[in-house]
């Protein structure tokens, strides 16, 4: 452990800022840069540890025996009990290895821990204990730097320890991205932008919002505490709390998922939970010495996660209760006197695909909603988490071209219509007799189309139902016409394609569904607090990815307010 004076606060802040600014390069690139550093560090501390064992006290290796732990507990006092909170720091960083499962395989983590990390830690701490046993009179005898031989070796230790601490921080940052990404999948965290940084490993993600939030919190701790002891107390409580939560969840996995006996689950919890609760109680004795900061962050994050999950669950339940079938809606519209207006309307829903890229030949699935006369289409546009859509104009052009191809081949592709996709045709392969629609560049179009990028990479597709309920907009860049061989087409096909072209000329509107929560009068305090917290997070977090860059003049939001 370094003295706090070894790294001045401004220098520590500068190092932290540089570290967080590197995160957007992705786990693979950062690991490639940091791997040599941590390898040299592990070899260095293991060599120093082995040297200290043979130089100071060879018998120290016997201290691994549990007998000494029993003697320590037998003669324990308040001061020695509090020291357990510092002992847990020996394991700080190991828990981050297992939280990085989304970035690395289970096999690689197991091999690294069993064959390298664990033996190195045993050698390092045994060597430090060997030095301490013979040098209790030395000031700061319990600092690892004091056990390193003086001279060039100690200077090298200081430089390597600084770099190794940066690498250790990197593991925690990477683990935070993985945990937040899993929370998003469980609807336990507000919407944030997730960027996939690898084409091969889906779990390697970068979350800009969380990255900058962690940077602010880290700088706050460094500037406010300015004391390694207080930071160590908070770290110790974080480590042992994570272990205890893992033990509780693992005991549930044993009983519920593995379907083992409750006795085995209880034995597992008692065996590991007793040890962790012991260390937790020791860490809580340092609550007023810095550990309070962690408890505050824990309460804040749990409140946000609980409120978001509660609000999302309520909205989902209300959506299910108020959901109507497509058949009911199409039948009802005939009796309501609904009047069609010229144009095209896109109604969006979200679909995710766990693949990096989707080939163009498998990207579009087109089908009909209701009878053929309704001219309503269901269009599923599939994109992987690494695919990007350039802008709204390209998106509209590809959709309309795909619908045109669907109309042209619909009657002749009975096999696709009866496929497992559910009466939908995969569009993407070129037609044998040419395109159903021929694009013409519109030189009179003006600039003004907003970009339609896939800003949330892990949810990059959007299914769209095509309806004619829109207002005319002059934002198109590409016009279409029937191909020269259109007289050979069936009359009904040529007529429907011409209607599609005319609708494109009239303009395009984007219809998004929104639902909001409101409090009912007389709600209890807990419900009011959770719903208000959810509403605050919902208004201040990112919009759904499909709504980010649609032109406001072309956007129609249809909302519903649920009172709970």
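Glycine is treated like the rest: Cβ placed from N, Cα and C.
Owing to the predicted nature of the structure, the values given are computational and were not obtained by experimental measurement.
TrEMBL tags one of the stretches 152-171, 172-191, 292-311 as transmembrane segment, and that stretch is 292-311. Note on TrEMBL: of 210-229, 330-349, the range annotated with the feature transmembrane segment is 210-229. Range with TrEMBL annotation region 'Disordered', chosen from 426-447, 448-469, 470-491, 492-513, is 448-469. Put simply, of 7-25, 31-53, 236-257, 263-285, the stretch with the most CB pairs closer than 8 A to the transmembrane segment (210-229) is 7-25.
The transmembrane segment (31-53) shares more Cβ pairs under 8 Å with 111-131 than with any other stretch in the list 111-131, 236-257, 292-311.
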